[in-house]
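Record features, source TrEMBL:
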type     : residues                                             : note
ACT_SITE : Asp65                                                : active site, for OMPdecase activity
ACT_SITE : Lys67                                                : active site, for OMPdecase activity
ACT_SITE : Lys67                                                : active site, proton donor
ACT_SITE : Asp70                                                : active site, for OMPdecase activity
BINDING  : Asp17, Lys39, 65-74, Thr125, Arg186, Gln195, 215-216 : substrate binding site
DOMAIN   : 11-231                                               : domain 'Orotidine 5'-phosphate decarboxylase'
Amino acid sequence: MLARPTTPAARLIPAIDTGDPARAKVLATALAPHCGALKLGLELFMADGPHAVRAMAAVAPVFLDLKLHDIPNTVAGAVRSLLPLKPAMLTLHGAGGGAMIGAAREAAEKAGAARPVLLAVTVLTSIDAAALAATGVAGGPVQQVLRLARLALDAGADGLVCSPQEVARIRDAFGERPLLVVPGIRPAGSAAGDQARTATPAEAVAAGADWIVVGRPVTGAADPAAAAQAIAESLPA
Ligand SMILES: O=C(O)c1cc(=O)[nH]c(=O)n1[C@@H]1O[C@H](COP(=O)(O)O)[C@@H](O)[C@H]1O
């Protein structure tokens with residue numbers, strides 16, 4: 001399994017969100033020396049599938065963010081189908097429930113020591129309190145994140161995806177064990193866009209994030225490698 005980062009640069013996971021494989025290759029090549037892993041999400045996977053994963057894995061560990069969410073049998077099958085691509089990290093939705101997460105873990109175990117880190121997405125960082133209430137969830141994002149965190153960790157997830165605003169609360173409740181991967185990161189002065197629960201890179205790491213996921217503030221910069229390096233330099237040692 002991918003080890004916890006030991007340097008500031010290794011904490012950074014740029015999100016390569018593009019449907020253009022050529023653009024993805026340019027970004028991956030430029031950013032690989034300045035990060036701990038590269039995130040490949042739905043946009044690129046829908047466009048270029050397993051080929052894109054193999055191409056990215058040639059330059060850096062791949063965080064394959066497909067946010068699996070289905071019945072346990074289907075998710076276990078999806079994990080089995082993905083194992084030959086050797087992703088370093090894989091996401092599934094905590095809201096899929098404990099049986100789904102347990103089935104994913106059992107399927108992942110087939111890869112032995114090289115299995116991907118299984119990360120349960122808690123409450124998407126684009127969801128604010130009002131949007132969460134509209135889905136019928138009582139209580140605010142923090143309460144729901146803690147509820148899904150407990151469920152996912154008990155069921156066999158190695159870690160969690162949460163916003164920077166819940167990191168300290170998760171560390172208080174669950175200690176150092178869970179791996180915490182944190183999107184919703186915005187360097188000071190950068191546009192929030194569709195993100196609702198945000199903080200700066202340094203704030204997220206100071207609160208206890210292991211990795212930070214940064215997309216548009218890096219990939220939309222005139223010089224993505226320089227933007228990545230500036231973020232790494234802003235992090236506590
Ligand atoms: O699982 C994720 O990575 C994820 C979970 C979440 O709650 N929020 C979230 O933004 N992400 C991903 O993190 C990246 C954030 O991108 P930017 O908003 O451009 O920095 C995107 O690729 C999202 O798919």
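Placement of Cβ uses the backbone N, Cα and C atoms for every residue, glycine included.
Everything TrEMBL records as a feature, shown here on the structure.
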| residue | record | CB count, 10 Å |
| --- | --- | --- |
| Asp17 | substrate binding site | 18 |
| Asp65 | active site, for OMPdecase activity | 26 |
| Leu66 | substrate binding site | 17 |
| Lys67 | active site, for OMPdecase activity | 16 |
| His69 | substrate binding site | 16 |
| Asp70 | active site, for OMPdecase activity | 15 |
| Pro72 | substrate binding site | 18 |
| Thr125 | substrate binding site | 24 |
| Gly215 | substrate binding site | 19 |
Inset, instruction - Please list, in sequence order, those recorded positions from Asp17, Leu66, His69, Asp70, Pro72, Thr125 with the Cβ less than 6 Å from ligand 1. - result: Asp17, Thr125
Legend entry - Asp70 (active site, for OMPdecase activity): nearby binding-site residues from Asp17, Thr125, Gly215, Cα cut-off 10 Å: none
Legend entry - Local confidence of the domain 'Orotidine 5'-phosphate decarboxylase' (11-231) - pLDDT mean: 98
Inset, instruction - Taking only the Cα atoms, work out how far Asp17 (substrate binding site) lies from Lys67 (active site, for OMPdecase activity), in Å, as a whole number. - result: 14
Inset, instruction - For Leu66 (substrate binding site), name the DSSP secondary structure in the helix/strand/coil scheme. - result: strand
Inset, instruction - Take the C-alpha atoms of Thr125 (substrate binding site) and Lys67 (active site, for OMPdecase activity) and report the distance between them in angstrom, rounded. - result: 14
